[in-house]
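Okay, so here's the structure we're looking at.
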Amino acid sequence: MEYSPVCHSLYAFWSSPVKKKLLLLSIMFLIWVYMLYSCVGYCSTMPSLVVDTYRGKESSSPVKRTENTGAGAGVGLVSRLLTKPQPWEDIESDYEEPSVRTASRDLLDADRTEEWDEQQQQMMMMRGFSGGLGLRNGAAEPSAMSSFSSGAGSKKLPQAIIIGVKKGGTRALLEFLRVHPDIRAVGAEPHFFDRNYDNGLEWYRELMPKTLEGQITMEKTPSYFVTREAPARISAMSRDTKLIVVVRDPVTRAISDYTQTLSKKPDIPSFESLTFKNRTTGLIDTSWSAVQIGIYAKHLDNWLQYFPMEQLLFVSGERLISDPAGELGRVQDFLGLKRIITDKHFYFNQTKGFPCLKKAEGSSKPHCLGKTKGRTHPNIDP
Ligand SMILES: Nc1ncnc2c1ncn2[C@@H]1O[C@H](COP(=O)(O)OS(=O)(=O)O)[C@@H](OP(=O)(O)O)[C@H]1O
């Protein structure tokens, strides 16, 4: 047999117990790194412990809570790196459609400004997050680090969107849906098809959580329903997009909208005086956004120019409260998913006065929506 220096040094290496241990340790280290890599990927689709700790401390403004500056920004970044956006984020939709905004009173403009700041913060955070991880010029170009930290799967444009309506119960629906293992959703409202369209589809896709084969990517932005350009834009992204609209009695919806504004600006005029142009004749001011958003048929017409009725599902905001499992059953059917979310996922919380999840996604504890969902409405003359 021919003498081989390679075989000889390998033999010499293997016969030394210290070197043998070193080799084994290196192999174990490599396996550990591989497992860590896989786990990070897996964890990114798993409930988050990081965020749960602060989520437990109820606050009405999680965005402000975590993502402003200093340590908070750090926690926000880490949580976004390790987890998908969290359920039960109690972000509100204080938008107004532009036409409505012009016609509405100062108070609602101010209201929108406040919300706009909050949304901007959120978006800036998203931009900062993407930028820091290898995005150039807003184009999706994930760096090695981003691929590493966000794990398995790929980011896809949403196949289903909750497009409205504001104050209909959209947050409850999204958070209930997130319990389903085949649904992955963005926690915050991306506002892509109304405010951020110029950022481009790649920017939008980059906001999405990674999904595995067969999983559905979702988002909710209730302002889409009343945005004139939204149907054409969504159709241009994909004509197959499934659209979900949570509708609620338009009068209750208007009061809910008003209550939200009132909570931020207690000095606004009464609901009645904003509703009527002339109280004696009963002439309603349909240009007031709270009324305008509730003219569902008008907005729906716009959607039907681009999508067939079969691609739209109307969820009852009222039944979402009285029979959440029933409504969730309809939604799962519509999305072509197995009915996994059932009665056993919900319980009625007497204190909250609403159905809550026995175990929210991301937690083993029961969870209700935060205090900005389910406000006490002022008494309005029937
Ligand atoms: N389970 C559960 N818990 C709490 N609240 C619930 C729930 N299901 C539906 N709702 C109703 O959701 C209303 C808020 O609607 P949205 O989430 O669409 O609001 S927003 O447009 O995103 O700001 C909110 O309206 P208000 O009661 O006026 O606050 C609730 O009535």
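The backbone N, Cα and C atoms fix where each Cβ goes, and this holds for glycine too.
TrEMBL lists LYS167 with the feature active site, for sulfotransferase activity. LYS167 (active site, for sulfotransferase activity) falls outside any helix or strand according to DSSP and counts as coil.
Residues or ranges marked as 3'-phosphoadenylyl sulfate binding site in TrEMBL: LYS167, GLY168, GLY169, THR170, ARG171, ARG248, SER256, LYS373, GLY374, ARG375, THR376, HIS377.
TrEMBL lists CYS356-CYS368 with the feature disulfide bond. Taking a C-beta cut-off of under 8 Å and a sequence gap of six or more, CYS368 (disulfide bond) has these contacts in its own chain: ASN349, LYS352, PHE354, CYS356, LEU357.
Here TrEMBL flags 158-364 as domain 'Sulfotransferase'.
The annotation region 'Disordered' is assigned in TrEMBL to 363-382.
Sequence annotations record features per position, and here TrEMBL assigns transmembrane segment to 21-37.
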Local Cβ density at ARG171 (3'-phosphoadenylyl sulfate binding site) - other Cβ atoms counted within 10 Å: 26
Between LYS167 (active site, for sulfotransferase activity) and THR376 (3'-phosphoadenylyl sulfate binding site): CA-CA distance (Å): 13
Recorded 3'-phosphoadenylyl sulfate site residues LYS167, GLY168, GLY169, THR170, ARG171, ARG248, SER256, LYS373, GLY374, ARG375, THR376, HIS377, farthest C-alpha pair in Å: 18
Most crowded position, judged by CB atoms within 10 A, among SER256, THR376 as binding-site residues: SER256
Distance from LYS167 (active site, for sulfotransferase activity) back to GLY374 (3'-phosphoadenylyl sulfate binding site), taken between C-alpha atoms, in Å: 10
